């Protein structure tokens, strides 16, 4: 499914019955969250709230919600066609493309080189193109015009500290880097032109800010936030794109057309020309504020902590812009649906590094990253433990995975009944559990003894080989194949 920008994507979703317009007035304070949550849990469409209301005042800008509320729409956002509801297969193809780009193998001969050339050529041809004028700069607010109260920013949960910008694509660049960093960081509104930028210390934006402080102490750090970006660029920011290409280049590859970029009015940062709303401004080194609490994807309110304040100097936008928003809460929520889809992208990446892996699953109930189940073709004693540590260290997306369960390839890891059977019949609690202490842990994980630092557990639920056990290992009960065929033939005559 190829598309030009967010508006074209919305139009195509609506034509397919994947987007519903809400004409009735809906309050951005809690009501919008409740409606979006009910629709998402029912597997419903994306929502365009045409008449949002904030504090009793009608807002002029509509709100787009649940854009990635199903894995099917995530696949569509990645430019894939979803036939007969099968979203897994096209996303595996995206994963195979990423694995090729991440570690391209040298051609094995002239024929192989000829077959790989179209992919490489397409990647090279998708370098973004800079334009001088752009739809996202059709309207400009500066000075006293800058007022976040004019935007329909959601207040998602009763215990939230303030309205929260959720789907903001944050654009930064470190002093020693040519390439811009794109990241999704939530932002608490604390004034008409001030938000708290909640980026964790290891995230790209925070690293760029730290390097800027070291290289240019005391100088403001330019930051831009895009609200309402094309889906491919948003998804590129949360996908393990190889360092050899930019997120903008990868987005063009998904969308089937080069990403057009325009330089911001107040800095050299570049944003997609088709963006709906753009916030331009700076972060001052000594400007910090306590952020939170907020209801998060864990299903709990998080702790309050200090983060930098982003001062907005200018807001540019399209005529009649659309504000893109979401909420996070106990799974399933939109991040959980995104996690289900990205799970399929991860599988080919892992298999490229570990061919013995047959499947990989991040259950949404585990916040889509805290627990992983892996099936593999075991080849030697200790093999499961090697796979555990390999997953923890391979992609930064798995740095916060607290639990990894490894099973043999005879177990369907998408079926908890089979996983529990394997765990209860193939695991000795002492021999088959591996504990690793003092490892990076999600800052939001209040179960860890120290914020950002905790332990991980690996569980080897594979059949044990000689050397791993001294006992005779059990053989699974399997019915004779000929008997099963015979019963299949007579089944209709049994009156059952």
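For all residues, glycine too, the Cβ spot is worked out from N, Cα and C.
It should be emphasised that the depicted structure is a prediction, and the values quoted were computed from it without experimental measurement.
Record features (Swiss-Prot):
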ACT_SITE  296  active site, proton donor
BINDING   181, 247  Mn(2+) binding site
BINDING   184, 185, 186, 198, 199, 200, 203, 204  prenylated FMN binding site
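Of all residue pairs in 184, 185, 186, 198, 199, 200, 203, 204, the annotated binders of prenylated FMN, the farthest apart have Cα atoms separated by 14 Å. Using a 10 Å Cβ-Cβ cutoff, residue 200 (prenylated FMN binding site) registers 16 neighbours.
Taking the Cβ of residue 186 (prenylated FMN binding site) as reference, residues of its chain lying under 8 Å away and at least six apart in sequence are, in sequence order, 164, 165, 166, 168, 198, 294.
Of all the recorded positions in the list 181, 247, 296, the shortest Cα-Cα distance to residue 204 (prenylated FMN binding site) is found for 181. According to DSSP, residue 185 (prenylated FMN binding site) sits in a coil region rather than a helix or strand. Between the CA atoms of residue 296 (active site, proton donor) and residue 184 (prenylated FMN binding site) there is a gap of 14 Å. Around the Cβ of residue 204 (prenylated FMN binding site), a 10 Å sphere holds 20 further Cβ atoms from the protein chains shown. Cα spacing between residue 247 (Mn(2+) binding site) and residue 184 (prenylated FMN binding site): 13 Å, rounded to the nearest whole number. When the neighbouring Cβ atoms lying within 10 Å are counted for each of the recorded positions (181, 184, 203, 247, 296), the highest count belongs to 247. Nearest to residue 181 (Mn(2+) binding site) in space, judged by Cα atoms and limited to the binding-site residues 199, 200, 203, is 203. For residue 185 (prenylated FMN binding site), the same-chain residues 6+ apart in sequence whose C-beta sits under 8 angstroms from its C-beta are 168, 170, 197, 198, 199, 203, 205. Other than 184, 185, 186, 198, 199, 200, 203, 204, the residues of this chain whose Cβ falls within 8 Å of the Cβ centroid of the prenylated FMN site are, in sequence order, 170, 183, 197, 205, 206.
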